[in-house]
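Asks: Below you'll find the structure I mean.
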């Protein structure tokens with residue numbers, strides 16, 4: 001076998017240029033016991049960035065896989081953060097070390113909401129697939145799936161003291177679920193359009209919902225069990241007339257009797273927002289004292305929820321005024337009705353610098369300071385603070401994260417000649433980055449940039465803009481040296497001459513212009529500065545989309561709007577060749593280093609390779625699933641890269657016409673890329689606001705293996721999309737199992753089968769050895785253990801609890817009898833009793849018919865019954881004894897030292913400190 005051409009793999013190196021992705025929300029987090037309101041977590045494509053807003057630095061990166069982040073939710077203890085992804089996965093990361101501890105897979109599409117319960121032991125997730133799933137974090141497994149909504153889930157909230165859940169959806173319904181029975185007992189139908197968000201207020205006795213109009217609707221919740229227990233009569237509060245409709249009080253219960261036993265909801269009124277569009281997000285602080293809501297504009301509206309004392313004071317003042325007025329008019333005794341606007345009042349509005357994507361607020365204890373973090377739609381994070389206790393609270397902007405990214409999409413990239421600096425330009429700014437540290441060196445304001453390059457020497461840069469201007473910047477000072485009115489239309493393309501003495505520009509005004517570099521004396525400073533001098537113009541019949549010099553400076557290739565590429569002699573500008581064959585305009589082209597090949601990429605999704613000697617088409621290749629946006633040869637090779645609107649970057653061999661590898665990572669259209677002069681690095685930009693750096697490794701690519709891996713990935717994906725086997729006797733009702741069939745579950749089932757086969761083989765060996773020893777009448781050397789067991793050493797029980805049930809569900813029945821016998825021996829030895837019992841009960845549930853009809857398994861099941869009961873009783877007794885002992889020790893220590901343990905201790909200490917401070921202040925004022 002002869003030597004094959006060796007290709008080296010390019011691998012993802014870094015993601016930068018993105019401050020916060022638009023698909024997910026923003027949230028405050030606490031790091032290592034740090035102060036509240038200092039760190040924010042935002043999504044950055046498939047990663048999560050933790051920013052220190054005070055320093056403007058990135059302090060932690062939570063690495064994802066390949067799917068985009070869609071939702072973030074910090075845990076109540078502040079140590080973990082739950083992250084939802086576009087493929088329906090949920091991962092829980094530790095904020096101490098940035099590692100993922102638990103992962104759940106249950107949804108078929110993007111996660112739209114995540115919420116912890118009060119203790120942080122359970123998690124509820126909602127998705128675009130209309131399902132709600134409740135997860136057990138401690139056991140790392142799904143509890144149940146709740147079905148009932150008909151559209152995307154927009155919010156899900158646990159009630160703290162009761163085992164209830166309330167969910168909202170774009171199907172305009174709000175549903176109440178009893179988690180003890182996994183049953184929807186109430187559906188609220190008082191909304192005319194989608195319910196986009198909601199919040200619980202007044203110790204969970206009021207529900208506030210945001211819809212597609214300008215009203216925030218409030219609903220009073222009466223817990224009927226509590227009222228019956230306390231013997232209190234029902235109090236009907238008055239309604240406000242702000243946009244109230246009688247026909248919106250309709251409610252339908254899934255089960256009238258159950259609804260009457262648990263709670264009832266009545267509309268209390270509505271609050272009018274200033275914005276007229278839909279609610280995008282509605283959040284409250286931890287104590288539900290401050291409400292923040294916003295629409296698709298740049299205004300965040302803040303409301304405050306008054307306490308019962310404050311409301312009573314307000315009502316007393318109102319009554320006094322009404323009595324005065326009645327006395328003056330000699331009218332009857334006035335009756336003041338309590339309305340919603342007396343309980344929820346407008347605090348202030350915050351005007352952000354751009355449209356708001358997401359908001360998160362936290363109320364700091366120190367002096368009632370409210371901190372608000374905003375993620376804006378232009379890749380910016382802003383934080384504000386305001387004192388809620390003031391009469392006229394005004395928000396002050398405390399920080400703004402902008403330097404680490406562009407406000408609009410990056411449309412042009414360039415590498416410096418020493419491979420160390422990267423230039424990126426967007427609709428309003430041009431930035432120069434250090435490639436090794438990915439820090440911004442310079443940020444300069446510019447017009448809408450379409451093309452760019454470093455001037456030889458890397459001291460200046462030139463931009464071509466949408467308005468047809470050439471802008472020359474000096475990097476040392478970060479100043480604009482000159483703006484040249486080069487063209488009357490958009491300047492689409494810019495190319496440096498091979499002799500490095502000038503440039504050529506192509507524009508939508510149907511001209512190609514040649515420019516030379518010149519040094520002229522600046523009239524202001526008297527020093528010499530760079531400028532460009534126009535020398536020649538080539539007039540064409542169509543708009544120019546791309547221009548490129550051949551490396552020997554002999555030819556000039558020009559791509560036109562008529563789908564052709566015209567090639568001219570550089571010196572005389574005489575026509576040489578016309579390359580036609582593309583069905584749509586050629587958006588990008590490049591010429592190889594030896595002047596023999598020209599590759600063109602078009603909006604028709606094809607790449608064509610042509611010979612430059614006769615203009616013959618060597619090969620036409622279907623390259624991308626959408627327009628080919630950029631194409632460039634790797635320096636000194638016949639390999640080239642293409643970028644497409646299908647989010648992919650692909651490498652090709654122009655000699656063998658082969659696809660080498662695909663670089664996947666971007667989540668939106670890829671606009672452009674740049675290859676470093678030494679070919680070791682690639683930088684690409686996308687509509688997802690991110691810049692990605694790719695690095696050439698020393699790992700060779702074998703094309704046959706690459707294609708095989710692609711086929712395997714496709715097969716695994718199709719295998720995971722297959723339906724999960726239906727459990728006999730189970731109906732598809734409101735509640736269903738939480739898991740989902742994935743590649744991991746199928747592989748786990750295969751590993752269980754392999755382990756059982758291995759167990760059988762080892763048992764057979766031991767029996768043969770025993771028989772041989774008895775036959776020989778002496779002890780023989782034991783058989784060699786299986787090399788797999790030797791390799792693994794002491795094999796521990798798998799803890800992949802989140803995929804356990806689905807793995808057992810896809811396990812074929814012939815393996816189940818052997819597994820049951822193995823469970824019996826495990827329980828007898830007292831190994832992993834809890835895990836074994838869980839697996840046992842699940843297998844009995846799904847294979848009940850086959851197991852009960854199998855006579856051979858009756859004795860095994862009977863043994864399991866006795867052993868399981870005795871072992872579980874033993875464990876329960878041990879746990880009960882330990883629990884009683886710990887309670888006894890706690891009481892002993894409390895009686896000796898008179899201190900309170902656990903959560904109450906810190907809370908009471910804070911209260912004591914506050915009381916002491918008040919006493920000291922009172923003494924000082926008296927003195």
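Just so it is clear, glycine is given a Cβ too, placed from its N, Cα and C backbone atoms.
Heads up, TrEMBL stuff is auto-annotated, nobody curated it.
Note that the structure is a prediction, hence the values are computed from the model and not measured.
Okay, so TrEMBL annotates it like this:
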type: REPEAT; residues: 62-103; note: repeat 'WD'
type: REPEAT; residues: 104-137; note: repeat 'WD'
type: REPEAT; residues: 146-187; note: repeat 'WD'
type: REPEAT; residues: 188-229; note: repeat 'WD'
type: REGION; residues: 234-258; note: region 'Disordered'
type: COMPBIAS; residues: 243-258; note: compositional bias 'Acidic residues'
type: REPEAT; residues: 403-443; note: repeat 'WD'
type: REPEAT; residues: 484-518; note: repeat 'WD'
type: REPEAT; residues: 579-620; note: repeat 'WD'
type: REPEAT; residues: 621-662; note: repeat 'WD'
type: REPEAT; residues: 663-695; note: repeat 'WD'
type: REGION; residues: 715-742; note: region 'Disordered'
type: DOMAIN; residues: 798-891; note: domain 'Small-subunit processome Utp12'
Asks: Taking the repeat 'WD' (403-443) as the reference, which of 188-229, 484-518, 579-620, 663-695 gives the largest number of Cβ pairs under 8 angstroms?
Replies: 663-695
Asks: In terms of Cβ proximity under 8 Å, which residues at least six beyond the ends of the repeat 'WD' (579-620) contact it?
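Replies: Distal contacts: 545-546, 548-552, 554-555, 557, 559-567, 626-633, 635-638, 640, 642, 644, 652, 654, 657.
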Asks: According to DSSP, how is the repeat 'WD' (104-137) divided among helix, strand and coil residues?
Replies: 0 helix, 19 strand, 15 coil
Asks: Counting a contact as 3 or more Cβ pairs under 8 Å, with residues at least 6 apart in sequence, do the repeat 'WD' (146-187) and the repeat 'WD' (484-518) touch?
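Replies: These two segments do not touch.
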Asks: Give residue numbers and ranges for long-range contacts of the repeat 'WD' (484-518): same chain, 6 or more residues beyond its ends, CB-CB under 8 A.
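Replies: Sequence-remote neighbours of the repeat 'WD' (484-518) are 450-453, 455-456, 462, 464-472, 530-553, 556, 558-559.
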Asks: Going by DSSP assignments with H, G and I as helix and E and B as strand, what are the residue counts for the repeat 'WD' (579-620)?
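Replies: Split by secondary structure, the repeat 'WD' (579-620) comes out as 0 helix, 23 strand, 19 coil.
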Asks: Using DSSP, what's the helix, strand and coil tally for the repeat 'WD' (403-443)?
Replies: 0 helix, 19 strand, 22 coil
Asks: Just give the helix, strand and coil counts over the domain 'Small-subunit processome Utp12' (798-891), going by DSSP.
Replies: 82 helix, 0 strand, 12 coil
